[in-house]
Amino acid sequence: MVHHGPQRGPVLQPGRDLQRPDRLPEEEADAVKEEDVKVEQVRNLLEAKRFDLAKQQLAPLLASWPDYYYLWQLQALAHLGAEEYAEAQRAVSQALALNPQDEDLHLLMCKVLVAWDRIGEGITWAQRALELNPNSAEAHLQIANGLSIVGKHLDQALWHAQRARDLEPDAALTHCVLGTVLVSTGGRQAARQAREPLETALRLDPQLPVAWNVMGLAALRSGRIKEALRAFITTLQLNPQSGDAAHNLPLAVWALVSRGRWWIFALLIPTAVLSASAFTTTGIASLALHVVGGALIAAGAWWALVLRIRNVFPESMRLAATDVLRRDRLVRPTLTGLAIGAVVQVLMVVSPVGPAGLGAAFWATLLGNFIGHRVSIARLNKATKALNAEREAQWLSVVTPRA
């Protein structure tokens, strides 16, 4: 199903965990200067997400200065980035043993545990950080995010998110997490309320992927499927590794395809009018009504079932989107069912059946929609990880094509 909750994993603020408290322990001046440069190189590697290289650079530094907690902090960040959570936890524990009152280390332990799906333990560490510094916006942020992930005590999550926003009103992430908590509470009203903090977050940082992802969730909850699709597309363009956006994008496409049934049902009206007109006229006029009318109904169905969805994507993606739309195993039954109804309507107009066939067109449209939709629902409910991965990869290839 659609991931309606917050983005899984910890809230990470770029560069914040890399803040350096001081220089390496004073030894020989030349040696310290040289190793200081190496530490800066590690920081740069972490910011560039080159985690394996960062770990290689850290190994000799830790051998020389095993009692310098900041090196263990960097080691933990490298393991966290590489999704090596047990190793990251051990590294943070080493740093905490050397500097047990450090607020940032408590928050880093929280992030490691949340990423490891040990949300409750992570929240506990964020609460300890808050005891060390009651005005820590990031501690409030992590608690709010953790509570929204587990979906419990959302009133407390909302308070912590608002407190974080009040402490750091110029930080995009504080507004983003407030919007995330509001979306997590459920309902259209909460989703509409989430728009204001999310819009503020994107005004402060238009390149923040998590804010775009949650904006997509808020739009989806509010029934604005096209807006949701565009938000998920933007999320994946900014961060192709966003698992939630990759999961929600194809489901939002299917939801938009399913809405096409109302357009196909609406086509029954011009179908009835054109069919009756063609049946009651004769000669060239009748032939023209049959041909032109059938073409108009076919064009309307093509727009409702294909162009309407394809045109949500940027122009450079539309050809690939059309191809994936045809192959998507969740979308295909719904699309086929609606197409059957559309084909029967076209045949109603181009053939001399007359108004007597309107009932057949109605039932074909109704049954096609019902059967196709039920097959898609059954596939969705029984979807394996492999099927979900296949569909996510297909749509990700549309949004982030390889060079």
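Keep in mind that glycine also has a Cβ here, set from the backbone N, Cα and C atoms.
Automated prediction, rather than curation, is the source of TrEMBL annotations.
For 1-31, the entry in TrEMBL reads region 'Disordered'.
Feature annotation from TrEMBL assigns compositional bias 'Basic and acidic residues' to 17-31.
Positions annotated as repeat 'TPR' by TrEMBL: 69-102 (among others). Predicted-model confidence for the repeat 'TPR' (69-102) is 94, expressed as mean pLDDT.
Same-chain residues lying 6 or more positions outside the repeat 'TPR' (209-242) and placing a CB less than 8 Å from one of its CB atoms are 2-4, 6-7, 11, 172-173, 175-176, 179-180, 182-183, 186-188, 190-192, 194-195, 198-199, 201-202, 248-249, 252-253, 255-256, 259, 312-314, 317, 396, 399-400. If you look up TrEMBL, you'll see 209-242 (among others) marked as repeat 'TPR'.
Taken from TrEMBL, the feature transmembrane segment applies to 262-281 (among others).
Residues or ranges marked as transmembrane segment by TrEMBL: 287-309 (among others). Counting only same-chain residues 6+ beyond the ends of the transmembrane segment (287-309), those with a CB under 8 A from a CB of the stretch are 253, 256-257, 260, 263-264, 267, 270-271, 274-275, 277-278, 281, 321-322, 325, 335, 338-339, 342, 345-347, 349-352.
Sequence-distant contacts of the transmembrane segment (330-350) (same chain, at least 6 residues past either end, Cβ-Cβ under 8 Å): 250-251, 253-254, 257-258, 260-261, 264, 267-268, 271, 274-275, 278, 289-291, 293-294, 297-298, 301, 304-305, 357-358, 360-361, 364-373, 375-376, 379-380, 383, 391. Taken from TrEMBL, the feature transmembrane segment covers 330-350 (among others).
Remote same-chain residues near the transmembrane segment (356-372) are listed as 261, 264-265, 268, 271-272, 275, 333-342, 344-345, 348 (criterion: CB distance under 8 Å, separation of at least six residues from the stretch ends). Per TrEMBL, transmembrane segment is recorded for 356-372 (among others).
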Where DSSP helix means H, G or I and strand means E or B, what are the helix, strand and coil counts for the repeat 'TPR' (209-242)?
27 helix, 0 strand, 7 coil
